[in-house]
Amino acid sequence: SSCGVASPCARPRPGSTDPILPLQFMASHGNDAARDTYESKVPPFYYRPTFSDCQLLREQWIRAKYERQEFTHPDKQEPYSAGYREGFLWKRGRDNGQFLSRKFVLTEREGSLKYFNRNDAKEPKAVMKIEHLNATFQPAKIGHPHGLQVTYLKDNSTRNIFVYHEDGKEIVDWFNALRAARFHYLQVAFPGASDADLVPKLSRNYLKEGYMEKTGPKQTEGFRKRWFTMDDRRLMYFKDPLDAFARGEVFIGSRESGYTVLDGLPPSTQGHHWPHGITIVTPERRFLLACETETEQRAWVEAFRKVVDRPMLPQEYAGECGRGGGGGNPTPPGGCDIAGRLSPSSGSPLQA
């Protein structure tokens, strides 16, 4: 296929199940029958990649189905279904950017993912609550084909960590183990919700990321280039794409709540180096942004308008989802994203 989805099965590894068998099965029984057979026991939380996902997810999905036959033999699902997982991942250092081997422990019973700076450390360096955790593959940004970005809430701000494992199966198993833990947490928190309600809430890919220029609230201090990430209704910005914490987070509500997105900047605007402007109007103020190219500007405007055009759910108005957020109660599946409340980073929502 053009996107290479089928190619990983073309070269069996020594000792692996012969991938020609599923191809023969498909030839004689048809695609649907093959899917029914090889996908007969996919757990509801297991991530089923699409053509837009990274090569790693697509390849491991094919290998899991046909080579390892994980979805016809549920005993092979232990690595992500057991409710407990520990192992070593390469983690990027927050300050020096070096990747160092760190021990990670996922415990569904405690509802947490922890990592330790030393093998013999008694106390974890960080405890990430499953309730507020998200994981998304970011190979280009991290600079490794197996790069995974994990975000969680720390002191009511979004904290990023960046990890990878040399073995593709290992990192995809970690990803699905995290999704399984979130699935089981949400099943307990929302006993009336169906699998179909919960599965979209297990992990999120970002709507859009990239560089734009921004100016501060007074619009007098000039424009600065920042890395922006649109995560559901949160627009976060960073000095560097691999920063641990956002410089600020801007909540983007719906049109009915007084949010709009305009092409261009007010005529009096000065100080931006990039020519293609965007103005985000919120009930409190206007945010002025500038893109390097018209293509980028169009893509950002489209992403913002998708969010603004989506009516806000009742829970998204609630105090715990509001810009001051961080209440202790779980947010219903239809509400503001379960994995994180919408809150400004460390006080002011707009630092430089």
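Quick reminder: no glycine exception, Cβ is built from N, Cα and C everywhere.
Copied over from TrEMBL:
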- 343-352: compositional bias 'Polar residues' (COMPBIAS)
- 82-183: domain 'PH' (DOMAIN)
- 205-309: domain 'PH' (DOMAIN)
- 319-352: region 'Disordered' (REGION)
Helix, strand and coil counts within the domain 'PH' (205-309) (DSSP): 19 helix, 41 strand, 45 coil
Overall pLDDT for the domain 'PH' (205-309), taken as the rounded mean: 93
Summary of DSSP states over the domain 'PH' (82-183), given as helix, strand and coil counts: 23 helix, 46 strand, 33 coil
